[in-house]
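Right, one structure below, let's go through it.
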């Protein structure tokens, strides 16, 4: 039977509960346990799919097509276990399910209330589908004291009483701020955070304390005394230079030992952390460096590109180099020459996005990369803009554009209306809702034999990648574009939807309709990112 670890946060938001959960999951996994990580999000949206990147950050897409919180990306990267739509739920989804049942008459006329109906729905979600796992780690989004989080805290309080004694523990992630004028770490915010947690019936078993310096023994003793936890359960979570150093740091601080002790499990062997040590050595001691320009439209919010940043880092690990990122707002190129911004970089990456703002700037970035032989990686929207650039400047289709931006006489990119998922035909219309109407999740793509991308993948002819898009390159222009050198080297198996384009006579120019960053892992870097960084490294030695 699975044991449950609930991770809560206090004092301030954005402390890194998702990263802490992922790191603990990796440590337990390194001890031979099977782990599952799940996330409860208290917001009222059904999912983050229609939320602004500036509000929410990245939308992480799973193989089964769920649009989820970016923390699920941390879970996958640290444990290697693919997440599913059953690993993330929001208040919105819970209320939708409850109200659907109420309209159907399932509650037989009962008054629907937060307790027991909402809390029971949360408990049912948390406790379902966990057979075969040793530990289930559940992160509760937000901060203790948030009004929208109260039903979730009540539900996890009840779960401890519902399950056998010793099958549930609570870990509270908190902040110890350093006050320079006083010259000390302050414990009072943590004390008040734990007081708030205890007032709703939850006594944390472990305090995970974010800090930028060692916790003195006296502060550790004070936290244990006033927060009612063992002194050994006050764990120091020091700031790290790399997120991949966190599992080793947490082990050194005793987190995994304390978790096992809380469950009365004897820690017989230390965790096998050799592979973590190996990649951290590569990160700390690179043999070179490359600079990649990310030409995007959400560059002011780095969390909007979280998986992308990590995938580039993985490419650097594979090539033993440091990857430096130069963030460029794509709108800049609509009024200025891109050369001064891009001449010094070793590679250009244009990521996914939606809407017309900044599109012309991305087209200019693709043109610069093509004309100057700079390695170019276009992802989703970045592929579409590269195709429009080729149509305008190589094929002579001056009015080439995307219908996403409005009516056009030359729709190089248009709205998909139907596609195959397995053997089933899925349909969409222009008038459909924005939420949940995209081509989402894992789909296969057939690669052309002998193409660059086929070689990058190891000479395979079919791959499976995750998608999140509503628009697609128009195959009516395929022949004209190929006549001018843009090769369609990957298509959907039925030959209807373009998946990959490339230039054969370019050092490295690949556009993909899918999101390869979502499947990259530190121990298994995605081949496209490894190859892209390798090409950037070659260029760095030429200029």
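Numbers run from 1 along the shown chain.
Note that Cβ sites are derived from N, Cα and C of the backbone, with glycine treated the same way.
Sequence annotations record features per position, and here Swiss-Prot assigns region 'Amidoligase domain' to 1-265. If you look up Swiss-Prot, you'll see 13, 146, 147, 148, 186, 187, 188, 189, 190, 191, 222 marked as CTP binding site, on the strength of sequence analysis. Annotation comment: Swiss-Prot describes 13, 186, 187, 188, 189, 190, 191, 222 as UTP binding site, evidence class sequence analysis. What Swiss-Prot records for 14, 15, 16, 17, 18, 19, 71, 238, 239, 240 is ATP binding site, and it gives sequence analysis as the kind of evidence. What Swiss-Prot records for 54, 353, 381, 382, 383, 384, 404, 470 is L-glutamine binding site, and it gives sequence analysis as the kind of evidence. According to Swiss-Prot, the Mg(2+) binding site annotation covers 71, 139, on the basis of sequence analysis. What Swiss-Prot lists as domain 'Glutamine amidotransferase type-1' is 291-542, and the listing cites sequence analysis. As annotated by Swiss-Prot, active site, nucleophile applies to 380, with the evidence given as sequence analysis. Annotation source Swiss-Prot lists active site at 515, 517.
Neighbour density for residue 188 (CTP binding site): within 10 A of its CB lie 12 other CB atoms from the protein chains shown. Over all protein chains present, the Cβ of residue 54 (L-glutamine binding site) has 11 other Cβ atoms lying within 10 Å. Residue pair residue 222 (CTP binding site) / residue 187 (UTP binding site) shows a Cα separation of 8 Å. Taken as a whole, the region 'Amidoligase domain' (1-265) shows an average pLDDT of 95 in this prediction. Each of the recorded positions 147, 380, 383 was ranked by the number of other C-beta atoms within 10 Å, and first place falls to 383. Between the alpha carbons (Cα) of residue 188 (CTP binding site) and residue 14 (ATP binding site) lies a span of roughly 19 Å. Each residue contributes its Cα atom, and for residue 239 (ATP binding site) and residue 191 (UTP binding site) these two points are 21 Å apart. Between the recorded positions 186, 222, 470, 515, 515 has the most other Cβ atoms inside 10 Å of its own Cβ, all protein chains included.
Residue 404 (L-glutamine binding site) sits 13 Å from the residue listed as 'active site, nucleophile', counting Cα to Cα. Mapped onto three states, the DSSP output places residue 139 (Mg(2+) binding site) in strand.
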